[in-house]
Amino acid sequence: MTSGGNTNNRVSGAIAPDGGWGWIIVFASFMIHFIMDGITYSMGDVFLRPMMDNLNKTRGPVSTIFGILPAITQATGPIATIFTNRYGYRRVTIVGACLAAAGFLASYFWMNLWFYYFAIGIVGGIGFGLLYLPAIVSVGCYFERRRSFAMGIAVCGSGFGTLVFPAIMPYVINAPLWFDYEGALLLEAAVIFICVIFGTLMIPLPQDPSEIRRIERTVRSQAKRQTLKMATTTNQNDEQQNQLFPVNRESDIPLQEVNVVSRESTTVFPLESECLSDDQRRVSLSDVKKNDANINNRIEKTHSRADETVSEKLLTDIPVVVSRKDAIYQGSLHHIPLYNEDTDEYHRQIIKTSDMKNKTIQKAEKKSFLAKIAEQIDFSLFKDAAFALLAVSKILAALSFNVPYNFANDLAADAKVIEHKRHWIIMTIGVANCFGRVIIGYLADRSWVNRLTLYNTTLIIAGIATMFAPFCNSFVQTHMIYAGVFGFFSGGYVGLGSIIIVDLVGVDKLSDAFGVLLLIQSIPIAIGTPIVGIMRDAFSDFDRPYLWPYLIFGGTILLSGLIQFGIPVLKRRKERHQQLTKHQLQLGVLSFSKQNLSASEQQQQL
């Protein structure tokens, strides 16, 4: 996440607590991943055939729904970053849950393919996009030393969701009470709305911008109430003065300034010395005026003290953290040399804070929405050939990543697997995904492991497993084998994503690079699934209708892993002409000219 703000030298209060309420945040993030990814990855398994039958459509048009949903989720990333920086992950999560639930709820009332594209795909996708980023960022803000462990627990919700939803939803659809698949969509809308509760649990840290603004609103509200109370006192004083000294209605001149004339003589009576109250107390006009002036003076002082009180509340030793550039980093921060050498300096480099005296937050907010989006998308990163190659690899992988999820059940049906066992396949992907994230993530933290090679290997094996899928027979166990292999290594691929980005561009550019990659991946995600559906319909007369679709799209995953072996070559060529600076090395950029050295040895040479 990036945003306007200045790097503040005073960041001691911005250190993550690494525990405490952070574990509740981890639980909330786990449940959000459980619900969001569980629904997304099981859509094809649960709804493909029922929607085809009820809508009287082929696989291509129906599967487009399952492509639009994750695509919009990814594309919403930069927008979610802006909202999270501005309003905090708590509010954005709640709004995202309400929006996604509304999209699924709307789909219950109108059985129309194009409306499904809008309600489930676009509205639901935007809602999921607003859920996804805060679920990651919130954990990153609460954890530093234990971040890898905390992130690992949180993202495992994705695998468990993929295990549970395919097991439950078919029974919901087949139950007469739920009126076919529309009832299942209604139930999923209710489940998504539960994320509002988990969003409420995401209490922001004291230095979070949304929390600072909440404090500011509270203080100003208290000052306003105090001012209104003083104004009420003044009004009461004015009423008393008018009762004591009525005004001459004919001339609008106060009676104390009028000469009272008798027929016998002319005498001026100073009314200030007259008894004007029922209890015979003498009231001085000058005293009343002095009292009124004192009250007005107190009101003015109250207004001035309001701003002083706000400043005193906000200008504390805890800075306003606008963003953490490493909030979405899922690896161990001990991979970053600067974090090991000088943690305080690392915080000054990575944590952006705002100077409240100069009202940096207010100035940053004056930027247009499009300007803020442009800040999240740094296309200059493509000047680095190695990063550009990584982006090409991401596009190839994204084209095919959701295919095994969306068509596992249909592929098993073509192979004549027993119907009630077909759901076991995607459930196997979910279980294996959890193990893959944990085990491969653990290996990536070892200093003796080449992380890029590990990353490439996950893609190659996942691609081979996908290409093997159409050769499975009617025994569900054969399908579960390829599903387990694909789930294990695809889980590792997802977990290593942010780590590889940091190795190439550094942790200070992680947010920018992550935003760009999310955006460019959204297009292949949207078109990959429907293309496979269209190809399956075209090859329906073949003995294995999914043979060529799976070979081609499994091959793109395989290719995405193979081409990344060119990254070290490109990096070494660049380093021959332009050596990495000490700053880049300290912020985690890996020197490939020292590829034979471990990460710890590279740090020793800094």
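Keep in mind that glycine also has a Cβ here, set from the backbone N, Cα and C atoms.
As the structure is a computational prediction, the values presented were derived from the model and not from experiment.
Annotated features, as they stand in TrEMBL:
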TRANSMEM  20-42  transmembrane segment
TRANSMEM  92-110  transmembrane segment
TRANSMEM  116-137  transmembrane segment
TRANSMEM  149-173  transmembrane segment
TRANSMEM  185-205  transmembrane segment
TRANSMEM  385-403  transmembrane segment
DOMAIN    386-606  domain 'Major facilitator superfamily (MFS) profile'
TRANSMEM  423-440  transmembrane segment
TRANSMEM  452-469  transmembrane segment
TRANSMEM  481-502  transmembrane segment
TRANSMEM  514-535  transmembrane segment
TRANSMEM  547-570  transmembrane segment
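Sequence-distant contacts of the transmembrane segment (514-535) (same chain, six or more residues past either end, CB-CB distance under 8 Å): 44, 58-64, 66-68, 70-72, 74-75, 77-78, 81, 328, 376-379, 381, 390-391, 394-396, 398-403, 406-407, 497-498, 501, 546, 548-550, 552-553. Within the chain carrying the transmembrane segment (385-403), a Cβ under 8 angstroms from the stretch's Cβ atoms is held by residues 41, 44, 66-67, 70, 459, 463, 466, 490, 493, 500-501, 504-505, 513, 516-517, 520-521, 523-525, 527-529, 532, 549-550, 553-554, 556-557, 559-561, 563-564, 566-567, 570-571, 574, all 6 or more beyond its ends. Here the transmembrane segment (20-42) sits against the transmembrane segment (423-440); at least 3 CB pairs are under 8 Å, leaving out pairs fewer than 6 apart in sequence. A contact between the transmembrane segment (481-502) and the transmembrane segment (185-205) is absent, since fewer than 3 of their C-beta pairs, 6 or more residues apart, lie under 8 Å. Listed by sequence, the residues of this chain that lie at least six past the ends of the transmembrane segment (92-110) yet keep a Cβ under 8 A from its Cβ atoms are 32, 36, 80, 83-84, 116, 119-120, 122-131, 133-135, 138, 182-183, 185-186, 188-190, 192-196, 198-200, 202. Within the chain, the transmembrane segment (452-469) has long-range Cβ neighbours (under 8 A, six or more residues past its boundaries) at 393, 397, 400, 403-404, 408, 411, 436, 440, 443-444, 479, 482-483, 485-486, 489-490, 492-493, 496, 499-500, 503, 546, 550-551, 553-562, 564-565, 567-568, 590. Over the domain 'Major facilitator superfamily (MFS) profile' (386-606) the predicted model carries a mean pLDDT of 91.
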